[in-house]
Amino acid sequence: DACREIRDLLLHEKKFEFNPKDGIDNPALSLTEDTEPRTRAVPHADGEGVGEPRFYLLSKDSTETFGFCLHEELGCRGHVIRQLELGGLAQRRGLQDGDRLLQVNGHFVDNMDHQRVVQKIKASGNQVLLAVLDGASYEAARALGRDLSQMLPAEIRPRLCHVVRDKSGFGFSVSGPEGIKGTFQLSVRQDGPAERAGVPAGSWLLELNGASVRSYSHAQLNRKLKQSGSKVTLLVASSAVEEFYRLRGLQVTAALADTSWLPFKARELHMVKGPAGYGFLLKEDNCSSGTTGQFLWDVDVGLPAEQAGMKDGDRLLAVNGESIEGLDHQQTVLRICAHEDQVTLLVIDPAADQFYQSIGLSPLLSFEEGDPA
């Protein structure tokens, strides 16, 4: 009976097979949005069983929460899913108490500092893609010395690219099936603006300047490109990434994207207070989006703030690694003063801030891609 069950399982999973050349080499991975998850145990020679990662795309509006807390617990390894809200988004999708979080928007997070993982989820805004493993399977995999990152697909992230036209154009052309809306594949000119901006040849166009192209005809897309002037921002996906979402009926958005190719970055400033202080003023003002932000002004020449790279008009995003989103002016000042003699600020200049607001993304996402100067 056990052999028959394993045989039936293997036969059942053949319909989920992917071409390994497309970068997805685990045919049993499932991305669940509205159905209850199934965790199947994969037998090992030593008799231990390790289940498979489960994927959840959580989408909420600005008044909701994702409906769970992420814990770091003494004597319990990994980032632990706890406090699922009864009837909340996470519970409705199928997340379970004790699940271990492995991946956030395509980033492997099991080996990351807990606070940084929490920040990644917050920076994702209203949509986040999580990969989790049930607690028992997680402990079994760790006991077996398994590389948990190898249990996940190599690449499931679209790419966000900002293309600046040169005298010959944007450096890409668009093709698609005759009479079908929203399906556009890009041909990229070698060493042209699009290739230099990170657009992969043969990728599929998902968004143009922050708007989905799913309803566009070819003529409408060309018109939108002409209206863009000298700059366009493209959300694109390789065939493997596009297939990963398309087969599951899910829409990919820029919140899930790799932003490492964008020229707009947040900056981390580490300052040690001098005899005259840090040398800047913090003022509360309205952002172009209409929300309230904390801005840095009156940067004094020669003092720690200027030496760290602060510029007048920079907007403050985080203090000592913690986002200040939702904090008022006084609360932000208290965060800065929490350590008497030094502080690390994450800031963004006005042009970069305007760019992220125009496409509806948090600029915190840009910092998560690497280690800006």
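A Cβ is built for glycine as well, from the same backbone N, Cα and C atoms used for every other residue.
Unlike curated entries, TrEMBL annotations are predicted automatically.
Going by TrEMBL, these are the annotated features:
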- 35-47: compositional bias 'Basic and acidic residues' (COMPBIAS)
- 55-136: domain 'PDZ' (DOMAIN)
- 160-240: domain 'PDZ' (DOMAIN)
- 268-351: domain 'PDZ' (DOMAIN)
- 22-47: region 'Disordered' (REGION)
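Each residue in the domain 'PDZ' (160-240) gets a DSSP state, and the totals come to 16 helix, 29 strand, 36 coil. The average per-residue pLDDT of the prediction over the domain 'PDZ' (160-240) is 94, rounded to a whole number. Here the domain 'PDZ' (55-136) is broken down by DSSP into helix, strand and coil counts: 17 helix, 31 strand, 34 coil.
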